[in-house]
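As C-alpha cells, the structure follows; a few thoughts come after it.
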Amino acid sequence: MALHLGVITLLPEIIQGIHYGVTGRAIEQGLVKIDCWNPRDWSSRPYKQVDDKPYGGGPGMVMMYEPLHAAIKHARSEMKENCKTIYLSPQGKVVRQNDLKQIAIQKQSLLFVAGRYEGIDERIINHHIDEEWSLGDFVLSGGELAAMVFIDAIIRLIPGSLGHLGSAEQDSFMNGLLDCPHYTRPATINGLDVPDVLLGGNHKEIERWRRKQSLGKTWLKRPDLLEKIQLSETDKQLLAEFKCEHGDSC
C-alpha cells in the first residue's frame, strides 16, 4: 500500500517539483501518492478570494476559515482514516529524523496545510490541526517549501525508494550521529588525496574509519548530539583517537 501524503496549498504548481528525482521515482513506483488541494476551489467570494484583513488591525492578510476548512474536510475524506493534519509554521515543533522514520515505517498518512500571507485563521489551528511542524527558527513566505522538504525526507526513508538499501541508513541523524565523509574518483586531484584506508579494500578497517569519522564530525559540528546517545566503549575509544588526531588532548 502506498504512503499517502497531501498538501493544502494556494500554489499547487510549486509542489510539482516533488515529481522529479528520488521522490518522482518513488511516485512512479507506487511507493507514495501525492495529492494537492487548493482552498480557492472552495471559496464563495468574488475572484476566489481566500484571505481577508485581520480583526484588530495590523499589516497583511489572513487566510480565511471557510475555504480552508472545506479544503481540509474534502482532503481528509479522500485520505486514510489515520491521516494526521499538519500545519507548517515557525511556531511548530522542529521535527527530527526519527520522527519522520516512524512515519515512513508506519505509513502514516499526512495532510500538510501550507499557509500564506500573515498566516491562517487561528480557529483552523485550534480545531482542525493535529500538529504544527517547523523546519527551524526562521520564516518562509509560505508552507509549500517546508511541505516539500518533509515529503522528500519521508520518502527517502521508505524501503525501495533509494537505489541502495544502505543509502538512507548511512544518512546523518539516522543513528544519532552525522554521516562520515565520502570520496569518489580520482584518488588524487590538485594534490588532495583520498584517505588510504578507503583504497585498501579491508572492509573491517573501512567500517572502523567511517565510524570514527562519524563520531568525530559530530563532535566537531554538533556536540549536542553526542549528549543524547549512549556511546559504547569502542565508540569512546574511536572518538578519543579522533580528538587526538585533530589536536585535542591525547
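The backbone N, Cα and C atoms fix where each Cβ goes, glycine too.
Pulled from Swiss-Prot:
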BINDING   G115, L135, G136, D137, F138, V139, L140  S-adenosyl-L-methionine binding site
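Binding-site extent for S-adenosyl-L-methionine: residues G115, L135, G136, D137, F138, V139, L140, maximum pairwise Cα distance 16 Å (rounded to the nearest whole number). Around the Cβ of L140 (S-adenosyl-L-methionine binding site), 16 further Cβ atoms fall within 10 Å across all displayed protein chains. Neighbour counts of Cβ atoms within 10 Å were compared for the binding-site residues L135, V139, and the top value is held by L135. DSSP classifies L140 (S-adenosyl-L-methionine binding site) as coil under the three-state reduction. Other C-beta atoms found within 10 angstroms of the C-beta of D137 (S-adenosyl-L-methionine binding site) number 7, with every protein chain shown included. Neighbour density for G136 (S-adenosyl-L-methionine binding site): within 10 A of its CB lie 9 other CB atoms from the protein chains shown.
G115 (S-adenosyl-L-methionine binding site): 25 other CB atoms within 10 A of its CB, across all protein chains.
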